[in-house]
Each structure stands twice: as C-alpha cells, then as structure tokens.
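> Input: one structure, supplied below.
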Amino acid sequence: MQRFFKVISYTAFLTFIKMLCGIFISKAIAIYAGPSGMALFGQMQGFTTMLTNLGNSPNNSGVIKYTAEFEHKGIDVYSQWWKAAIYWSFFVYITLFTLVVFFSEEISIFLTGKNDYRWLVISAGMLIPLSALGVLCSSIYNSFRDYKNFFLSGMISTLITSVVIIYIILSYGLIGAMVAAVIQPALIGGGVFIFSLKEKWCRLKYFIGPITKGAKNDILKYVAMISVSAIVGPLSIIILRTFLIEQVGWEIAGEWQSVWKISEVYLGVITLTLSTYYLPVLAKTRDYQQLVLELRRTVKVIFPLIVLMAIFIYILRDYIIYILFSKDFYNARELFLIQLLGDVIKIVSYIYAYPMLAKGKIKFFIFTEILFCITLITLSFFLINIFGVHGANIAYASNYLLYLIVVIMSFKRLYAQSCN
C-alpha cells in the first residue's frame with residue numbers, strides 16, 4: 001500500500017495544479033461568457049471529449065495491461081502491443097475524421113443550434129492524433145510505474161496548455177472558450193509526447209513495424225470496449241444537457257454545467273489514482289482471492305476519502321462558486337447535494353467495474369455501458385419533467401446506484417473462474 005499512497009500524493013499534487021488551472025479557465029469563461037456561455041462550452045467540450053476518447057481507445061487500458069503483464073519479457077515483446085495501438089489509432093483516426101467532415105454541419109446544429117461552428121467541429125477531428133500520441137506515452141509511463149515522469153509530463157503540459165487557453169479566452173471571449181474546448185486535449189497530448197522524446201523506449205522502431213495477429217486482436221478488444229464507452233458516455237451527457245436546455249433554458253443549464261465541472265475536477269484525483277495504480281495491479285493479478293483482496297483494500301482507502309472530499313465541497317460550495325465562477329452562478333449552490341451523493345456512488349462503482357478493463361470482459365463491459373447510458377437518458381427525461389434541473393442530478397445518482405448493484409452482483413460470476 002506504500003506505492004498506493006505514493007500515487008495518491010502524486011495524483012493529489014497534479015490534480016491541485018489542474019484544479020488551479022481549471023479555476024482560472026472557468027473564471028475566465030464565467031466572466032466573459034456567462035452561464036449560457038458555460039453551457040455552450042460544455043456542449044463543445046463534451047463532443048471533443050467523445051472524439052478524443054475514441055481516438056485514444058487503442059492507446060489506453062490495453063497498452064497498460066499488456067506492457068505491465070509482459071514487462072519481464074523485454075521491450076521487443078511488449079512493444080508488439082504499442083505497434084498494434086498505433087495501427088488501430090491510424091484506422092480510428094481516418095474513420096472519425098471522415099465522418100466528422102461529412103457531418104460537421106449536422107453536428108454543429110445538434111450541439112449549438114447553429115451551423116456557425118462547423119469549422120470547430122472539423123478542427124476537433126483534425127487534432128485527434130496529438131491527443132492519441134500523448135495518451136500512448138502516458139500509458140507507457142503508467143505501465144512501467146514511472147510515476148514521477150507520468151505526473152511531471154502531465155503537470156508541465158497542463159500548465160503550458162492552461163496559459164495558452166486563458167489567453168485565448170481573454171482575447172476572444174465566447175469564441176475563445178469554444179476554441180479552448182477543442183484544442184485543450186491536443187495541446188496536453190502534444191506536450192506529453194514532446195516530454196517523452198527523451199526516453200529510451202520512445203524510438204520509432206518500437207512503434208512502427210511488423211505486428212503479430214494476437215497483438216492486433218488484443219488491442220482491438222480494448223478499442224471496442226473503450227470506443228463504446230467513449231461514444232455512449234459523453235453522448236448521453238450531451239443529450240441530457242440538450243434536453244435540459246430545452247426544458248429550463250441556457251442559464252440554468254449553465255448552472256448545472258458548473259456543478260458538473262466541479263465534480264469532474266475533484267473526482268480527477270480519484271479516477272487518475274485508479275487508472276494509475278489500481279488498473280496495472282489488477283492486470284497482473286491472476287488469483288481470484290488476490291483480486292478480491294486488492295479491491296477491498298482500495299475501497300477501504302478510497303471510500304472515506306471521496307466522502308470527505310464531497311462533504312468538504314458541500315460545506316464550502318458558496319466559496320467555490322464565488323472563486324470559480326461569478327455571482328451569476330449563485331443558484332447552482334442548490335444543485336450540489338444530490339450531485340455529490342452521485343459522485344460517491346460513482347467512484348465506488350468504478351472500483352468494482354475496473355476489473356472488467358483489467359481482465360478484458362468485453363461483452364459485459366459493453367452491455368453495461370450501453371444499458372446504463374440508456375437508463376441515464378431515460379431517467380433524466382422522466383425526472384427533469386417532474387423536478388426540473390434537480391431531476392438531472394437525481395437521475396445521475398440513481399443511475400450509478402443501479403450500476404453499482406449490477407457490478408457487485410456480477411463480480412464473482414465474472415472473475416472466479418477466469419482468475420484461477
């Protein structure tokens with residue numbers, strides 16, 4: 001557990017840096033674009049997140065799993081999966097960029113109600129490779145448990161990116177905020193890639209060359225899982241936000257988006273810890289009892305931590321709103337309680353769900369991702385009509401509670417035999 005707490009400390013520091021940068025960015029958007037601008041920013045950011053997650057799908061969990069699992073066999077063996085990741089990244093990029101160019105006008109209208117932002121939609125598709133390269137390098141650092149360089153590369157790229165983005169927002173207002181939503185992942189990814197060029201493993205021969213069929217199929221399995229998650233997750237939030245805008249207007253939807261943004265920032269310290277420490281450990285675990293032991297250890301540490309963080313944010317919510325946004329967002333204070341409850345349930349469910357990624361449970365993972373995105377949208381439509389904007393938060397918390405119940409009930413059936 002000493003390594004776990006080391007990761008927590010690194011993660012906390014990196015998240016603190018990201019939080020400070022996020023404060024300045026959110027403050028700039030709040031002042032120069034207001035609540036309606038925040039909602040518009042959220043729509044474009046959600047679309048960009050979906051695109052980049054799809055583009056990153058070959059370079060994340062699969063690379064971490066197989067590099068960590070076969071590290072003892074040497075770079076000539078585990079670099080097979082790096083080559084496979086590059087192969088599938090190219091295929092995914094060509095497919096995505098073609099679709100984005102052809103449907104850019106429709107996407108712009110769907111996201112913003114106007115076709116004025118078609119150029120931004122195309123730009124988001126064009127910049128996918130930079131983000132993908134950065135994620136691949138981060139995954140390699142992670143699989144080697146090189147936490148110092150993993151977090152240092154993230155910190156430096158985040159700081160530089162934030163300065164550029166804040167300048168754009170201050171200079172160009174709402175349009176600057178929209179541009180910021182599109183270029184942020186690419187700038188961070190490019191920064192991580194440049195940082196990684198100094199490493200001995202960052203050589204062309206380890207990423208380009210002959211690939212075994214087995215490595216291709218292994219990475220393809222993760223492309224399928226993460227692609228489904230990358231599409232249905234952000235898409236469900238975009239649909240939810242669009243329905244919210246129709247029902248309560250841009251201003252209130254912007255207040256909801258501000259609370260959602262706060263959740264994203266503080267939950268980052270937990271999700272980053274899980275992907276950095278928990279996922280590689282699970283990938284190496286072959287015994288069911290050891291898997292259960294690791295899960296229980298993680299729950300014992302993470303659950304009290306996330307509860308304390310949620311309580312802290314709820315108590316200080318007025319100050320947080322004032323610091324991060326502006327007085328125009330004051331009514332957002334009423335949206336915190338249920339949102340924070342949902343955050344706690346979400347993280348616990350993630351702890352039980354991460355073994356699906358580590359053990360490649362592709363069918364169950366895809367089934368649950370699609371099912372619970374559908375239930376989130378369905379619950380949101382129903383509850384927003386009854387409770388207004390609060391219905392979105394109730395749907396969020398209820399949906400993750402259902403998800404948690406399902407992954408707990410399915411745990412032994414999924415892993416008891418495959419781990420032994």
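Keep in mind that glycine also has a Cβ here, set from the backbone N, Cα and C atoms.
Not measured: the values here are computed from a predicted model.
Pulled from TrEMBL, these are the listed features:
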| type | residues | note |
| --- | --- | --- |
| TRANSMEM | 12-34 | transmembrane segment |
| TRANSMEM | 85-105 | transmembrane segment |
| TRANSMEM | 117-138 | transmembrane segment |
| TRANSMEM | 150-169 | transmembrane segment |
| TRANSMEM | 175-198 | transmembrane segment |
| TRANSMEM | 219-245 | transmembrane segment |
| TRANSMEM | 265-282 | transmembrane segment |
| TRANSMEM | 302-325 | transmembrane segment |
| TRANSMEM | 337-357 | transmembrane segment |
| TRANSMEM | 364-388 | transmembrane segment |
| TRANSMEM | 394-411 | transmembrane segment |
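Relative to the rest of the structure, where do these features sit?
Note on the transmembrane segment (302-325): residues 22-23, 26-27, 30, 38, 258, 261-262, 266-267, 269-270, 273-274, 332-333, 336-337, 340-341, 343-344, 347-348, 351 of its chain, located 6 or more positions outside it, place their CB under 8 angstroms from a CB of the stretch.
Within the chain, the transmembrane segment (337-357) has long-range Cβ neighbours (under 8 A, six or more residues past its boundaries) at 61, 65, 222, 225, 259-260, 263, 266-267, 270-271, 274, 278-279, 282, 291, 295, 298-299, 302-303, 306-307, 310, 313-314, 364-365, 368, 390, 393-394, 396-397, 400-401, 403-404, 407-408, 411, 414-415.
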> What residues in the same chain, six or more past the boundaries of the transmembrane segment (150-169), come closer than 8 Å to it by Cβ-Cβ distance?
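The answer is 10-11, 13-14, 17-18, 21, 24-25, 28-29, 32, 134, 137-138, 141-142, 176-177, 179-180, 183-184, 187-192, 195-196, 276.
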> Do the transmembrane segment (85-105) and the transmembrane segment (219-245) share at least 3 Cβ pairs closer than 8 Å, excluding pairs fewer than 6 residues apart in sequence?
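Counting Cβ pairs under 8 Å (6 or more apart in sequence), the transmembrane segment (85-105) reaches the transmembrane segment (219-245), since there are 3 or more.
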> Are there at least 3 C-beta pairs under 8 angstroms linking the transmembrane segment (175-198) and the transmembrane segment (219-245), leaving out pairs fewer than 6 apart in sequence?
no
